[in-house]
Amino acid sequence: YCSTVLLEDVGSTRLYFVNASLQRLTYSSSVGVSLPCPAGGTPTAILRWYLATGDDIYDVPHIRHVHANGTLQLYPFSPSAFNSYIHDNDYFCTAENQAGKIRSPNIRVKAVFREPYTVRVADQRSMRGNVAVFKCLIPTAVQEYVSVVSWERDTVSIIPANRFFLTSFGALYISDVQKEDALSTYRCITKHKYSGETRQSNGARLSVMDPTESSPSILDSFLAGEVRAGLSVELPCIAAGYPSPTVRWLKDGRPLPSDAHWTRRLTGLTISDLRQEDSGSYACEVTNSFGSKEVSGALYVIGKEMNPLRVTLSPKSLKTGISSTLFFTCAVEGSPEYTVAWYRNTDPIIPDQHISIQGPHNDTLQITAAQKSHSGAYQCFASRKGHTAQDFSIILLEDGTPRIVSSFSERVVAPGEPFSLMCGAKGAPPPSITWTLDDEPVVQDSAYKTSQYTLSDGLTVSHVNVSSPAIRDGGVYRCAARNSAGSAEYQARINVRGSPRIREMRDITAVAGRNTFITCRVIGYPYYSIKWFKDGMLLPDNHRQVVYENGTLRLSDVQKGMDEGTYLCSVLIQPQTSIDQTVHVTVKVPPLIQPFDIPSTSVGKLMYIACVVSSGDMPIRITWHKDGQLIVPGSASGVGIETKEFMSSLQISKVTLKHNGNYTCIASNAAATVSWERQLIVTVPPRFVVQPNNQDGIYGKAGVLNCSVEGYPPPKVMWKHAKGIGNPQQYHPVPLTGRIQIMGNGSLLIRHVLEDDRGYYLCQASNGVGSDISKSMVLTVKIPAMITSHPNTTMAIKGQVKELNCTARGEQPIIIRWERGDTVIDAERNPRYSITINKKGDEVISTLKLKPAERGDSVFFSCHAINSYGEGRGLIQLTVQEPPDPPELEVREVKDRSMNLRWIQRFDGNSIITSYDIEYKNKSDTWDHKYTTRNISPTNNQANIVELHPACVYSIRMSNTHLYTHTQPDGPPMDVILQPMTSQSIRVTWRAPRKELQNGVIRGYQIGYRENGPGSNGQYSIVEMKATGDSEVYTLDNLKKFAQYGVVVQAFNRAGTGPSSTEINATTLEDVPSQPPQNVRAISVTSDEAVITWAEPPRLTLHGVLKGYRVVFWSLFPDGEWGEMQNITTTREQVELRGLEKFTNYSVQVLAYTQAGDGVRSNVLYIQTREDLPGPPAGIKAVPSSPSSVVVSWLPPHKPNGVIRKYTIYCSSPGSGQPAPSEYETNPEMLFYRITHLTRGKQYLIWAAAVTTAGRGNISEKVTVEPAGKAPAKILSFGGTVTTPWMKEICLPCSSVGEPTPTFKWTKDSEYTAIPVTVDGQRQILSNGTLVLRSVKAEDSGYYTCTATNTLGFDTIIVNLLVQVPPDQPRLTVSTTSTSSITLAWIPGDNGGSSIRGFVLQYSVDNTEEWRDVFITSTERSFRLDNLRCGTWYKVKLAAKNSVGSGRISEIIEAKTHGREPAFNKEQPLLTHINSTHAGLNLQGWTSGGCPITALLLDFRPKGTWAWQSLKANATAQLFLSELREATWYELKMKACNSAGCGNQSSQFATTDYDGKCFLFCVLSSKNNRSMDTPVKGPPQGPRLHIDIPRVQLLIEDKEGIKQIVTDSEFSQSVNPQSFCTGVSLHHPALIQNTGPLIDMSDIRPGTSEYFTYNPVSRKSVKSAHSSRNRYSSQWTLSRPGQSQSTASARTLTSDWRTMGSHGITATESDSYSASLSQDTDKGRNSMVSTESASSTYEELARAYEHAKLEEHLQHAKFTITECFISDSSSDQMTTGTNDPADSMTSLSTPSETGLCRFTASPPKPQDYDRGRPTNVAVPIPHRANKSEYRDLGVSSGTATLPQRTLTMPSSNPAATASTSSTSSNPTGSSTKMGGSRDSLLENSSSALGRLQKQGVGAYSKSYTLV
């Protein structure tokens, strides 16, 4: 449930529970668990986890972690890492915010281990027709977690029906047992509740007996139990006996009445919807005629008390004031028996003087005189039998001081006019209100009526009603609200009309230094005024006196001499009439203690402290207190006190530590009591009480590093740590976390010691007295023995040696003990076991070897690693596989022509039985004439044999076929290395597991990685990759920047995933911060200084170690120009910018930087410096304009430093005697002023100054001028530089004065002369001399001269006009590119006279005109375009921008991101799987070209048709083409596309026939299939030679890369065509007569160099004894035909397939060969072929077939065994044969074990060639696309010229032969390959070969190595 509390006036503040019912959590140690905090709050509450003991939770890396969201994470762990403090304990979670703090109920968290257990079913006996009971026997240790999920009968799951019943307790009942029930085996299947692990029991048998008379026996019964009401219960009662017993049920000794919720079944009694009245004693009586039995048990139905507890706490929320009395009631439902516990803010409540707990169950809580500290969350917990429920309430106790919230106002009433006054106040507790009138209490009588009440919202309201007021009822009414927390007052005057008078006033006593109020108690109305006098003087007469309008006098900081005396209140009631009243004020002076200090001292010294009262009324009493307690002088305290009239001294003759404390001098008199307090510190330098010493810590345990110090003030202890055991390099402060804490005595507590904790520790103590002290120590972390690597499950083959490995680490020495089940293995006493120990670094590897594995070894083995600090265990489940026991066959029913067979499969050998075979024959026949029924389903256990002959005796035998299951790898990958590549990638490299631990072919790897840092969830992310070899590499991408990752690697094979490697950590590289500093603020301090502050960016966005900050700032001038960009680097989070321009706008940005560079800048922040005094005007002129006036002109200051408010012009006449100059002011827009009333001929000094709000600035230079009647021409305007943007209108002023009036002339300087400015549509000269230029351009820039002339003279000014234009184009280049980015660099052009404000970068895809804009700051000179399309051309252009606008665009440049279109890897097979109707395509053979493949399109069609079928596919998956035609050639087109383009791949493939035979090279046959024993008649014809390649994918490729694919449906995995190996079958009908293949190696694994021998079914014509015993090899003779032995010596071309690569035979000569089978070999011999290189095998066989078509060549080959290598289980032996063929075959042709033999074929006799005369021979040439060419070579040509890689036919001319051989040889040693097409690979032509043979070409021997 979810409970929520809302608080009034607290807004949305609340706390709540989610899933508060969770109180137990059990999890598997191999999985781990995440436990969210069941509490929460709004606003976000702080979530914390604690142990039930109250200890807070601390993080333990990779074991326990509390996430920021409050989730408690317990990681998977090995048994050796178990810690009951962590993995089996009670936890609770708290949530805390402003509302309070609540805690969840305790949650029991328990980890369950993977225990070694087996489930067992015992054999049972039963009589036919009775009931059989099978029970699944589960070990007690795991019964709580393991339950029965199903039963199997002969490997088939039993579905409850008919006679089979499954009980709720997991038992199997079989009713009405029949004889056939004994033919089956029964197994139970169990499942572990937490690990999900399933177990299968042994197979149990049921013995079925014929019924015999017997008394009943109980097979299954029930015991006493407790069940919750409303559920159902099953009471089993099963009995056996004959006759079948009857069952009678009794309850409490009486027969069970009929009731719908009682159901009698075969399994017993079922009671549904249990009720309370169902409790009682139940008995089951079973009876037959021979006796009876009874079983009984008590059933307890637990009803309401077992309902879930529910707690309601009231009040739910309460807001009140301190001193209140509170009552809490905890109502509990669901059980009458429970216990109650109370908590406040998660702490247990302990009764005290304020709190009491009452009630029979402690279910009432009372708080009296509640204090502020009693606020918070109150929880009531009710518990019963381990179940807990709770509820909580939020209490808010406010400061209850009353406050007036409603009141009355001053008013005037007439006599007799009733009035009512109301005063409302709030407080806690609710206040009481009293009334006064002119400081006299208002007493309720006939004149005054008062009332008071409290509203529901806590408001207390009081009224005063005056029904008939008189003058005396007027005055100041005051309402006072008071409660235990304080008081509040309000007052106002009520005037009753009538003759004014003054009530008698009481004398007042005031305290000096405080404030005093004196009220004139006037009544009646109206009156004119109230005045106060003292000593005849009207008040106030100083600043401390204030008279308010209502006549109240306030005296502030009362002084005795000045304020004491009589005060007169005078009320003016008529213009000349007043009344008065006096009041005397007496001032009392409180004591004033002269401040003093107490210096610190040390032990044993003297101390004198004087307290002097410098003022105050006598008498004065002085006392001393220490720490709030009165000091009693004497020997006990060691303190003496001497007191005089106004002083007191405290003496300590010998200072000790007990004198430390706060000393207070208290002085009191009639006026007040005052005090002065100071602390006496008796200092003691720190010293060690317990010094740190070197010590050991045990990994995973708690450790305390002792360091105890003392001193005063108490020393502060700081611990530092230096990693490593050698000399300490650098100490760093120990980070204090929940795991590491400093104890109260200074010792360091490490709650969970880790390996990283080892090293030097320094305990340093200081208290400011003397020098610091420190002492170092070394912590050595001892590692308990722990198993780090072992297989969980593994397989063994019976009879073979099996090794089990365990790797342990920890402190040496480590003892590793092996156990079989619960028995310790003693290898010295049991020679079948051997144990070896190997040390590798800090690891110990123990290997248990079973010699050999036996059936009984299918148990749990465990390795135990033990050292002095702990023990670890590894559990290994070994399954020994063996051939299954033969079925137990029984003939059940025999008829005249049929019989029924039933069988029972005994032990299955821990392997999968795939089928049964039944053979039968007439008893008189041999088994050669047997009848066979094959592939009977393993789910059947009976069969009928029909069509038998009556009255015949048959022999029957039965066998089974099984399949060994495989096991996952037993070892982890080795040598895992992590290398950070970038800030978001880590490269992982490793090597494959040890060969003996791979358990088959490693198919791939799983790489698990997880972030090891705050906030990570601890779960591994898994990526998978295929195996490529012994060494692997994988790059993890898209990781977090500068984050530590832990990586593990696991290998997997066909059976599953092996153990993971030890986790290795690496940290991604640093990167720049991705977010700017936060909360950037700018404050202008002065006119030239500003302060910039900020906060650190979020830690997760730093992506590195923060090195510091950079503050970038630049000025913005009024004309739009930017100042120079500046930056300041700092490590603080504040910087002061000094020396700024005054009253100037600045732009500020802040960035953080790491080692990788500058991070993101903050948003631009604008700040303006403050105004200051302006600078002097930039220029000033004064010229006479008349005899009595001059005109002054000036320029604005260069630095106005603010807003110019006005200009002041000063004029003085030297020698005039005037003390000050005349001042003239003008508004800021005017830059000239005419000064009049001057004297002609007199000189004047003129100057000017600008004024801002800060004041007047510096004055300009002073100029002298003299008024005159006639004056030469003078120009008032100023020259200088004028800047303007282009295309604007600009005015160049040239104002002048003079008498006569001057004329104007403007010229512009050219290169050599000044050219007059012509007036046109663009240029105009105004009457006042101003030159106007319109739409100015760059060419208008230059120097302009204005000349003013009259008859008396002339004047000139020069103006430099600068026309700003847009900037020139930048020079843009490309610096770097990647798959998704292009980095550009540029050099800016001319800025056009205005500073560049930024750049506009535009880019688009090459073939589009959709341009995108990017704005770049002015300081950048490079930029990276990100998120671009891979492998794509882009167009880019750049323009600069200034205050005028954007400039010319740069030249458009083109750049391409990395990547190209996809291509198919020639090393990859295109097809992975082909059968008659399906083809599997290897889409992963496509290489992406660096750009992700986005689309993959396929088109295919049968060859010769026109319609294509199209498909779309995912490039990362495998695709199957379905519904193909049988034995048909297909054309295939594939197109893979990415952003860079599309790649195409075309190919052809052929489907197989329905028998799975390949279509391309399937049948190569002759025209005659006769037996080889038949004499040859007529021209010889070749025998049928069948070359079958099952489970193969063969790639034949020529230079042009055109591929032909041959594949088979059973070979479903992708194979590298250059490395695969396969089996080959040769079918020769003359030899084998359709009995099966002579060579079958279809189960050979690809890519291995192993050798296998297959013993096929022997030919019928060969004796069975001989065929079952002998294993022979077919012999081949390769000869170079046509060359006589006499003319050339035999040469041998050796091919050893054990060392051959994947490219076939390396030939030193390019010859053609003929091959034949030897006829002197036994016809039943089996062929054996190496699997080292199947491609070369296939090539040799194809070549051999090409030259073996003529039958006579099959009859004359001779054979010699040169050597054999025959292996047995213990050693490899080599036997050398003889040169005699007969002897060799006799001695070595029947090896008992698989071996390897090398044979040499000898040439046939020369005369044997005369039997056939062939005319030509077909020689294969390299295959070209869509065609296959074969060349018939005649004899006359002498030498055949063939393309490269073809076989050259030798010539009869020896010289020619040598020449041909040399020119056709392969000097590079490359492999010879055969082409292939859909046509016949080799054409049937034999005449050429015979012709060559007849010409006498000599033969030579060929050496083979065959297995």
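Quick reminder: no glycine exception, Cβ is built from N, Cα and C everywhere.
Note: TrEMBL annotation is automatic and uncurated.
If you look up TrEMBL, you'll see 1670-1697 (among others) marked as compositional bias 'Polar residues'.
What TrEMBL records for 1705-1719 (among others) is compositional bias 'Polar residues'.
For 1770-1793 (among others), the entry in TrEMBL reads compositional bias 'Polar residues'.
The compositional bias 'Polar residues' feature in TrEMBL is assigned to 1836-1849 (among others).
Marked as compositional bias 'Low complexity' by TrEMBL: 1850-1872.
The feature domain 'Ig-like' is assigned by TrEMBL to 105-207 (among others).
Sequence annotations record features per position, and here TrEMBL assigns domain 'Ig-like' to 216-296 (among others). Across the domain 'Ig-like' (216-296), the DSSP tally of helix, strand and coil residues reads 3 helix, 49 strand, 29 coil.
Residues annotated as domain 'Ig-like' in TrEMBL: 308-393 (among others).
Taken from TrEMBL, the feature domain 'Ig-like' applies to 402-495 (among others).
Marked as domain 'Ig-like' by TrEMBL: 500-586 (among others).
If you look up TrEMBL, you'll see 590-675 (among others) marked as domain 'Ig-like'.
For 686-780 (among others), the entry in TrEMBL reads domain 'Ig-like'.
Per TrEMBL, the feature domain 'Ig-like' maps to 784-881 (among others).
The feature domain 'Fibronectin type-III' is assigned by TrEMBL to 883-970 (among others).
For 972-1071 (among others), the entry in TrEMBL reads domain 'Fibronectin type-III'. Within the model, the domain 'Fibronectin type-III' (972-1071) carries an average pLDDT of 86.
Taken from TrEMBL, the feature domain 'Fibronectin type-III' applies to 1076-1172 (among others). Note on the domain 'Fibronectin type-III' (1076-1172): DSSP counts are 3 helix, 50 strand, 44 coil.
Contact between the domain 'Ig-like' (784-881) and the domain 'Ig-like' (105-207) is supported by 3 or more Cβ pairs under 8 Å, counting only residues 6 or more apart in sequence. Contact count against the domain 'Ig-like' (308-393) (Cβ pairs under 8 Å) is highest for 402-495, out of 402-495, 883-970, 1261-1350. The recorded stretches the domain 'Ig-like' (105-207) and the domain 'Fibronectin type-III' (883-970) share 3+ CB pairs below 8 A when only pairs 6 or more apart in sequence are counted, and are therefore in contact.
With DSSP states grouped into helix (H, G, I), strand (E, B) and coil, the domain 'Ig-like' (402-495) comes out at 3 helix, 57 strand, 34 coil.
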